[in-house]
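Annotation source TrEMBL lists signal peptide at 1-20. Look at TrEMBL and you will find 23-154 tagged as domain 'Beta-hexosaminidase eukaryotic type N-terminal'. As annotated by TrEMBL, disulfide bond applies to Cys54-Cys113, Cys285-Cys338, Cys512-Cys530. According to TrEMBL, the domain 'Glycoside hydrolase family 20 catalytic' annotation covers 176-494. Marked as active site, proton donor by TrEMBL: Glu333.
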Amino acid sequence: MAIKIYLSVVVLTLLVAIDAYKIWPHPKEIKTNESFLSIDPKNFTIKSKVNGDCPVLDRAIKRYLDRMFIVDCSRVNEHFRGRYFSNKTENFNKIHGYDGQMTMVLIQVHDKCETIPNTDMNEAYTIKIDKDHSIIDSKSVWGALRGLETLSQMITRAGKNQFRINIGQINDEPRFTFRGFMLDSSRHYLPLHAIYETLDAMEMNKFNVFHWHLVDDQSFPFVSTTFPALSEKGAYRSNFIYTPEDVQKVSHYANDRGIRVIPEFDTPGHTQSWGKGQPNLLTQCYDAKGKPKPNVYGPINPVLNTTYEFIQKLFHEIAQRFPDQYIHLGGDEVEFGCWKSNPILQEFMKTNHFGDDYAKLESYYITKLIDIVQNLNRSYIVWQEVFDNKVNIRPETVVNVWKGNGWPTEMKNVAKAGHHVLLSACWYLNYIGYGTDWYKYYQCDPQNFNGTQQEKNLVIGGEACMWGEFVDASNLISRTWPRACAVAERLWSPESFKDYKNAKPRFHEQRCRMQVLGLKVEPIEGPDFCYCDDAI
């Protein structure tokens with residue numbers, strides 16, 4: 001077992017002074033009392049005890065040491081600091097409950113350290129804080145990362161360069177294994193710093209899947225080395241792209257935070273940008289007189305052998321670029337009108353006895369796509385239309401439910417058919433309105449449908465979605481956060497945490513924590529304040 005020691009260094013960021021254990025998302029079990037320990041940042045270390053080297057944990061400890069201790073608000077001048085933080089020095093010996101100083105936390109990881117999060121990642125952990133020893137204990141490094149986030153929220157400011165933590169114990173694990181956030185970087189190009197900030201916010205809220213909607217009708221910013229013309233002709237601009245190096249950076253940044261990266265390449269619809277760089281990929285549309293419409297194309301042409309040769313090569317590259325077991329294949333909103341107008345496709349329908357049911361043609365395409373992906377030893381997720389259109393999908397298919405108010409029935413139907421299912425329907429954060437709305441995200445539960453326990457067990461989680469039609473780097477963080485925090489707690493915390501009124505003080509505190517760390521999160525509850533409002 002390797003033991004490493006990390007010294008608290010110059011503090012770069014702040015945390016808001018809070019009541020003990022206002023943790024978000026709420027842990028499974030908390031035991032605490034009025035006793036507390038003081039912490040001197042200059043006399044505080046974190047030790048790790050792991051099975052071999054663990055660079056993911058090494059970097060996480062250094063990252064969290066920068067977050068744990070408040071010095072002052074960044075960019076707030078000396079004149080205003082007094083508004084937010086007391087400069088007096090507390091005499092802890094005169095405060096009821098004082099039980100000594102905490103100088104060290106030991107992080108113990110029992111299994112060999114992993115470097116890439118996966119579908120079976122174990123995120124459970126325990127934290128024990130007492131005067132004799134304080135420890136974060138976990139089976140895996142991913143549990144240790146979640147424990148570090150919780151520890152950072154347990155530490156509160158007491159006075160000038162003084163901090164405290166209540167004595168107690170936390171036992172915690174997530175309710176769902178898939179806690180995702182989907183980000184659309186096709187409708188508006190998002191620079192890497194915006195994606196990094198999103199991943200930082202996800203880490204603070206214990207999300208573990210970054211669903212990256214990379215390409216769509218409007219642009220193709222993903223740089224393919226196999227088909228470079230896709231981004232050369234499909235991106236908005238030559239520099240509005242994600243190179244192989246960019247993808248690697250995002251993946252590494254996410255993996256360091258215990259976040260999987262699942263790419264989405266949505267087909268056969270939502271592919272107009274693909275056709276700009278790949279001739280003969282899209283379906284030629286015809287008018288009522290049977291003549292081709294100049295420069296008017298529909299979804300991918302599903303009847304050409306060249307289509308599947310292209311798809312096989314592209315997805316082979318995608319599988320090499322993204323190490324996660326899953327790829328999101330899309331399959332939503334396939335417009336059949338162009339397919340119906342094309343005489344070649346009409347003849348194909350007759351030959352294959354599909355009649356006039358173009359959902360069967362979609363099924364034909366999706367089935368061949370799934371075969372390609374499975375031959376690459378990858379699993380897949382699809383949007384609910386693939387299921388709704390009775391595509392012949394395999395039992396192991398994960399179905400992503402996204403449509404409106406009928407989602408409980410859809411969840412029931414998908415689970416009854418034996419498929420794993422994800423919920424996104426009630427968590428479209430790009431839909432905004434005036435006033436408080438986070439509570440409706442908080443009250444939406446993926447298992448709230450009329451199903452058997454066996455069916456509900458097929459719900460592996462859900463994801464918040466931020467579509468990019470009206471979102472770019474200027475408003476991404478404020479549009480998303482802290483509203484996504486509500487989704488995070490629903491997916492992590494026990495089902496019994498349903499009362500948004502009880503959650504409100506912790507929710508506000510989490511917003512302030514995120515603001516202090518430099519994230520420009522928006523007010524969500526009307527008039528209020530955070531300690532570092534002047535630092536924004």
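Cβ atoms here come from the backbone N, Cα and C positions, even for glycine.
Unlike curated records, TrEMBL annotations are generated automatically.
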Per-region confidence, the domain 'Beta-hexosaminidase eukaryotic type N-terminal' (23-154) (mean pLDDT, whole number): 88
Pairwise CA distance, Cys530 (disulfide bond) versus Cys54 (disulfide bond), rounded so that it is a whole Å: 36
Nearest recorded site to Cys54 (disulfide bond) by CA-CA distance, among disulfide-bonded residues Cys285, Cys338, Cys512: Cys512
Where Cys338 (disulfide bond) falls in three-state DSSP terms: helix
Chain-internal residues, separated by at least six, CB under 8 A from Cys338 (disulfide bond): Thr283, Gln284, Cys285, Val296, Tyr297, Gly298, Pro299
Around the Cβ of Glu333 (active site, proton donor), the count of other Cβ atoms that are within 10 Å: 11
Assigned element (helix, strand, coil) containing Cys512 (disulfide bond), judged by DSSP: helix
Neighbour tally for Cys54 (disulfide bond), based on other Cβ positions within 10 Å of its Cβ: 23
Inter-residue Cα distance where the pair is Cys113 (disulfide bond) and Cys512 (disulfide bond), in Å: 33
Secondary structure tally of the domain 'Beta-hexosaminidase eukaryotic type N-terminal' (23-154) (DSSP, helix then strand then coil): 38 helix, 41 strand, 53 coil
